[in-house]
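Student: Right, I'll just put the structure down here and ask away after.
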Amino acid sequence: MKTQAAELKDTDFVFFKVKNLWTYFISESLAFKSICAYLFIEYARPQEIFPIIDILPWAQVFLGLSFLGLFADKKARMKFSGMHFLLLLFTLVIHLSIAGAYEPKWGMEYYVIFIQWVIIFFLIASIITTKERFYIFFLVFFVCSLKIAFGTARNFAFRGFGFTSWGLKGPSGYFENSGELAVLMLILFPISYYFYRSYKKDVRVWEKYILIAAVICPILTILGSSSRGAQIALVAQLLVMFWRQVFKPKVFVSIAVLAWLGWQVLPAEQKLRFTEIGEDKSSIQRTLYWENGWEMMKDHPVLGVGYFNFRPYFQDHYPEDVLYEYAQLPHNIFIQVGTDAGFLGLGTYMLIIVMALTRRLPVKLGSTREIEPYYLAAWQGLKIGVIGFVIAGQFVTIGYYPFLWISIALQTALKFAIQENLNRKA
């Protein structure tokens with residue numbers, strides 16, 4: 001088995017050759033298996049489907065195993081990149097903001113929500129060091145996200161594409177609320193599209209159907225999510241993806257037809273919500289959060305009011321602007337980070353986003369011909385996904401959700417894996 005696995009390369013996996021994928025996976029190290037298992041547990045949530053196995057905190061268990069296995073993993077590499085530097089700088093600022101927070105106990109209570117992503121970033125970047133490992137790890141991410149997309153799109157279809165105030169509900173955890181679920185779909189959609197474009201002529205029929213479903217289901221989930229921000233972000237993604245072709249007659253007509261179909265599927269109540277932007281109670285409260293959040297940033301420009309201190313500070317200083325029972329989070333990633341960590345933290349956070357959008361894969365002589373379509377599609381899709389995250393993040397509080405942190409970890413791992421492959425060929 002090991003001999004057979006050692007002979008397998010990433011090209012033997014395309015696109016979803018289960019036997020080869022499994023043969024290679026079971027021959028791999030404890031660290032690699034554990035980090036894949038962590039991702040599967042976090043995204044697929046099998047413990048909800050089969051409650052009988054919900055006897056341990058599996059995500060933490062597999063993270064611990066991946067950390068312990070890291071030291072015995074011969075393929076693991078502790079490399080450093082610009083993204084590592086920015087993430088460590090941001091981590092330092094967050095710690096300083098907790099130390100000088102308005103109410104430090106709030107920062108300590110929610111500390112793990114941020115620091116876990118730093119740990120996970122370093123584990124992924126250190127363990128996913130080869131193209132074969134990246135192929136499998138990214139496929140786990142893709143399949144788990146597709147599982148969520150398929151289930152929620154099916155629910156939207158079964159209710160007759162009708163409107164509900166809560167939108168669609170994902171699995172418990174980071175994607176349970178409709179807004180956060182829609183952001184995951186914004187990450188999945190461009191990846192799925194670029195996979196389909198790259199492999200539509202080269203895969204088996206059933207694999208092609210999976211890729212088609214992976215393109216359609218995220219769109220349906222976004223339409224059914226009742227999230228105006230995510231729907232606006234989807235339009236922006238489409239414009240970025242097709243801006244060069246949009247004025248070609250065939251492409252223009254295709255986009256027009258898709259837009260018309262999307263508008264027809266969009267529930268009437270959701271269409272009405274677009275006409276009421278800025279006038280309904282939730283929009284007014286969100287605007288008050290933004291306006292007062294900006295004042296909080298100006299009053300505490302260096303380190304903000306403290307990590308996760310927006311709620312207590314807002315409740316105490318702007319009680320007249322709390323339209324609901326109590327103050328909530330600011331519903332904007334930049335206001336969230338700016339009030340948590342000041343302009344110093346916000347500047348670092350924005351540099352992380354800029355690097356995620358501008359970094360390039362290592363290639364010889366500027367040519368990408370030696371890089372297989374799988375990795376180019378993943379790279380392009382992740383970048384467009386970050387754009388969707390940023391735009392949707394203007395309306396939801398997701399600064400410390402997995403979307404950005406997993407994306408930059410996947411980018412960094414892919415960059416290291418491609419560089420490692422080039423070094424072996426040199």
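Each Cβ is built from the backbone N, Cα and C atoms, and glycine gets one as well.
Here's the feature list from TrEMBL:
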TRANSMEM  21-43  transmembrane segment
DOMAIN    31-198  domain 'DUF5935'
TRANSMEM  49-71  transmembrane segment
TRANSMEM  83-102  transmembrane segment
TRANSMEM  108-128  transmembrane segment
TRANSMEM  135-158  transmembrane segment
TRANSMEM  178-196  transmembrane segment
TRANSMEM  208-224  transmembrane segment
DOMAIN    213-349  domain 'O-antigen ligase-related'
TRANSMEM  251-266  transmembrane segment
TRANSMEM  333-354  transmembrane segment
Student: How many helix, strand and coil residues does the domain 'O-antigen ligase-related' (213-349) contain under DSSP?
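Tutor: Here the numbers are 99 helix, 0 strand, 38 coil.
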Student: In the same chain, which residue numbers or ranges, 6 or more beyond the ends of the transmembrane segment (21-43), come under 8 angstroms Cβ to Cβ?
Tutor: 1-2, 4-6, 8, 13, 58-59, 62-63, 65-70, 72-76, 120, 123-124, 127-128, 132-133, 136-137, 139-141, 144-145, 147-148, 173-175, 402
Student: What same-chain residues lie close to the transmembrane segment (178-196): Cβ under 8 Å, and 6 or more beyond its ends?
Tutor: 15, 142, 145-146, 148-149, 152, 166-170, 208, 211-212, 214-215, 217-219, 221-222, 225-227, 229-231, 233-234, 237, 241, 374, 376-378, 380-382, 384-385, 388-389, 392-393, 395-396, 398, 401, 403, 407
Student: Average the per-residue pLDDT over the domain 'O-antigen ligase-related' (213-349) and send me the rounded value.
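Tutor: It averages 88.
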